[in-house]
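K.L.:
Structure incoming, see below.
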């Protein structure tokens, strides 16, 4: 949106114009329910269009309007929104994302809203991070998130001044979690040598090994295992490091985990094995490796779904053929008595139907 007042006037004068219309688009965050025209004006800082919608249609200033105004960066829009809504943590998050230090300090000083260090790290806002440290002198919290900036001297400073190497962040994560996630092998070694708890869990039950496996950090995975990381530890969803490695198409990490004793047929809370995740993620080489090392090709999840059925649903012809070649049961039924042929017929997937028939699917099966 370029704050083109003439065009939006023409747009509003068109027959059938709906002042309450909502836009759903992947271009905008969390837009499942759609955003109003006024909210989009706030997002883009389109102040003239904002004024038109307010004066002509009395468009409502919502909480989202205020939050987006900190992204859009227009002071006039933000000031107007503040008359109707109260700032919250999402406003601070938007201010950090926009790298507008004036907005960040405004929210901190006027409304006592804390700077979110994880958001600073995710959006590389070092200035706001340092403002937080200057205001709070919270060395331990800054120590955890300093790793996210990938600046050795920054981490070294907080490491040397931090009193608690196992300090936890907003979601229960430690410095070791972040070091493992970023494949910082040397940092992981340093933290462990100074007493970092290798099997510490975040609030989702994930250990540093889960983080490393999910990030395809093979060397870090190996290091963690060598220092006693529990290879079959499950998170709150019942997922092991192997599940995450398979889901991330990290074949080498999958190989490493299995060579160190990872349970290849371990199920998560939904009954899914590593093979389910690899097939779902179109990880052909990983699927082949798992099968060759004993993965149960016809294992079912809680809904009666096999890796083969996942591949059919995702219209992954190559994966379907690969699994059939290794003995996948082409006529397997789910908990509702439905075969993959039933599914393909219902979705009019002609290519998949032809493929299944060519491999001898039973087309006389009844639900």
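Using N, Cα and C of the backbone, Cβ positions are placed for all residues, glycine too.
Annotations per TrEMBL:
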- 57-132: domain 'DUF3447' (DOMAIN)
- 171-203: repeat 'ANK' (REPEAT)
- 204-236: repeat 'ANK' (REPEAT)
- 237-269: repeat 'ANK' (REPEAT)
- 270-302: repeat 'ANK' (REPEAT)
- 303-335: repeat 'ANK' (REPEAT)
- 336-367: repeat 'ANK' (REPEAT)
K.L.:
Under an 8 Å Cβ to Cβ limit, what residues of the same chain, 6 or more beyond the ends of the repeat 'ANK' (303-335), are close to it?
P.N.:
270-271, 273, 275-276, 278-280, 282, 284, 287-288, 291, 297, 343-344, 349, 351-352, 355-356, 359-362, 365
K.L.:
Excluding the flanking five residues on each side, which residues at least 6 beyond the ends of the repeat 'ANK' (270-302) place their CB within less than 8 Å of a CB in that stretch?
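P.N.:
Beyond its ends, the repeat 'ANK' (270-302) has Cβ neighbours at 237-238, 242-243, 245-251, 254-255, 258, 264, 308, 310-311, 314, 316, 318-319, 322-323, 326-329, 332, 334.
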K.L.:
Averaged over the whole of the repeat 'ANK' (303-335), what is the pLDDT?
P.N.:
92
